[in-house]
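Asker: My questions all concern the structure below.
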Amino acid sequence: REDLWVREGKILNPEKLFFDEKGSADVQLDCKGSIIAPGFIDVQINGGFGVDFSLATDDFKSGIDLVSEKILSHGVTSFCPTLVTSPPSVYHQVLPQISVRNGGAHGAGILGAHLEGPFISKEKKGAHPEHCLRTFEAGAFQDLLATYGSLDCVRIVTLAPEMRRSSEVIQELTKRGICVSLGHSVANLSQAEEAVQHGATFITHLFNAMLPFHHRDPGIVGLLTSDKIPAGRRVFYGMISDGIHTNPAALRIAHRAHPKGLVLVTDAIAGMGLAPGRHTLGQQVVEIDGLNTYIAGTKTLSGSVATMDTCVRHFQEATGCSVETALEAASLHPAQLLGIEHQKGTLSYDSDADFLMLNDSLYVQATYIAGEEVWRQDASGM
């Protein structure tokens, strides 16, 4: 039972207030025994509520605004809008319309875009359209620039490390402060380790769209226990903890092998928050059946319709981990991955006052950004 002190959007050290300023609180709020946790950070979300970030529309901005406002009720206070493999024209149209911005009553903050593809493996394309996939040509990094048009608002790029010339691309992206993630790939372990040595720090939805673990060559999964990771570096990995994309036993194996690297992601698509039926994911039509989402007419999984708070609860239940561990996988770890753990993902003094009130079952009761209440569950439970 502690007090959380907030002033001017930051978490305050009350000792200084008492002793240096002889001040006290202007407003006191009884949190009625809630858990107070850092706001959730979703680094892989393709859309939701009928909005698809991989569709170039004239009102793209209003779509991103809608999603950022709606995910407040799921405890997400900042996110990386994610584009799946698309033709260059889509990147050229959409990326200039994404801008990094702080969250507030209008919605969750935007940390920058996550570009998942098109430089990924044909064998592990998952729900990505094959005709849009690309390889790196002679001027590999220039090729990437020409495809995306601009890297101004880009935070994460997912690529397949076994592609020729991927090393120079990883180095160039890392130099620019862009996080490189390995995914949709048939890489073996040494190719994955080489990518990490060149600067890659993340794995896109572990186990999904990669070679399955094999004891003689564990592939990308082997990075979780690799001894070839440069000193002082940590490899993080995303997991879609929705009970569908990953069997609970696989979730437990990953968590026990490398607990400090686990980052919960929703990988949510436009159908999140909508009724079952047909929706889009970039260039493809997908069908929602309960919590399952398939490319229409197939059994290929295509993103999820799980919300971040659902993923946190499922992770905690599946692994039996502590509440703190479950909450850190959706807050501290993604912040560390993006190098913003001094501002977000914690309740440390001087960090941004983005926090949640949750009940003991980890259902979100209220969401705060910069110390302001931006969402609260009303009495009817809505």
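Glycine is no exception: its Cβ is also placed from the backbone N, Cα and C atoms.
Sharing the features that TrEMBL gives for it:
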- Asp267: active site, proton donor/acceptor (ACT_SITE)
- Glu116, His184, His205: Zn(2+) binding site (BINDING)
- Ala127, Asn208, Ala209, Arg216, His245, Leu301, Ser302, Gly303: substrate binding site (BINDING)
- 35-374: domain 'Amidohydrolase-related' (DOMAIN)
Asker: What are the sequence-distant neighbours of Gly303 (substrate binding site), meaning same chain, six or more residues apart, C-beta distance under 8 angstroms?
Answerer: Asn46, Ala127, Asp267, Ala268, Ile269, Leu281, Val286, Thr293
Asker: May I ask for the distance between His205 (Zn(2+) binding site) and Ser302 (substrate binding site), taken between their Cα atoms and rounded to an integer number of Å?
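Answerer: Answer for this pair: 12 Å between alpha carbons.
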Asker: Hey, how far is Arg216 (substrate binding site) from His184 (Zn(2+) binding site), Cα to Cα, in Å?
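Answerer: Each residue's Cα considered, Arg216 (substrate binding site) and His184 (Zn(2+) binding site) end up 21 Å apart.
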Asker: These are the binding-site residues: Arg216, His245. Which one scores highest on other Cβ atoms within 10 Å?
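Answerer: Of the binding-site residues Arg216, His245, the highest Cβ count within 10 Å belongs to His245.
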Asker: What residue among the binding-site residues Asn208, Ser302 has the most other CB atoms lying within 10 A of its CB?
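Answerer: Of the binding-site residues Asn208, Ser302, the most buried by Cβ count within 10 Å is Ser302.
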Asker: To the nearest whole angstrom, state the Cα distance for the pair His245 (substrate binding site) and Glu116 (Zn(2+) binding site).
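Answerer: That separation, Cα to Cα, works out to 17 Å.
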Asker: What is the separation, in Å, between the Cα atoms of Leu301 (substrate binding site) and His184 (Zn(2+) binding site)?
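Answerer: It is 13 Å, counting Cα to Cα.
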Asker: Quick check: which same-chain residues outside Glu116, His184, His205 lie with their CB within 8 A of the centre of the Zn(2+) site CB atoms?
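Answerer: Residues close to the Zn(2+) site, other than Glu116, His184, His205: Gln44, Gly117, Ile120, Gly126, His128, Thr158, Ser181, Gly183, Thr204, Asn208, Ala209, Asp267.
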Asker: Record lists Ala127, Asn208, Ala209, Arg216, His245, Leu301, Ser302, Gly303 as binding substrate; longest Cα-Cα distance in Å?
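Answerer: This binding site's residues have a maximal Cα-Cα distance of 30 Å.
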Asker: Can you give me the average pLDDT across the domain 'Amidohydrolase-related' (35-374), rounded to a whole number?
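Answerer: Per the prediction, mean pLDDT sits at 96 for the domain 'Amidohydrolase-related' (35-374).
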Asker: Counting across all protein chains present, how many other Cβ atoms fall within 10 Å of the Cβ of Ala127 (substrate binding site)?
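Answerer: Counting Cβ neighbours of Ala127 (substrate binding site) within 10 Å gives 24.
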Asker: Across all the protein chains here, work out how many other Cβ atoms are within 10 Å of the Cβ of His205 (Zn(2+) binding site).
Answerer: 25
Asker: Counting other CB atoms within 10 A of each CB, which of the binding-site residues Ala209, Leu301 comes out lowest?
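Answerer: Comparing Cβ neighbours within 10 Å for the binding-site residues Ala209, Leu301, Leu301 has the fewest.
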Asker: How many neighbouring Cβ atoms, not counting its own, are there within 10 Å of the Cβ of Glu116 (Zn(2+) binding site)?
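Answerer: Summing over all protein chains shown, Glu116 (Zn(2+) binding site) has 29 other Cβ atoms within 10 Å.
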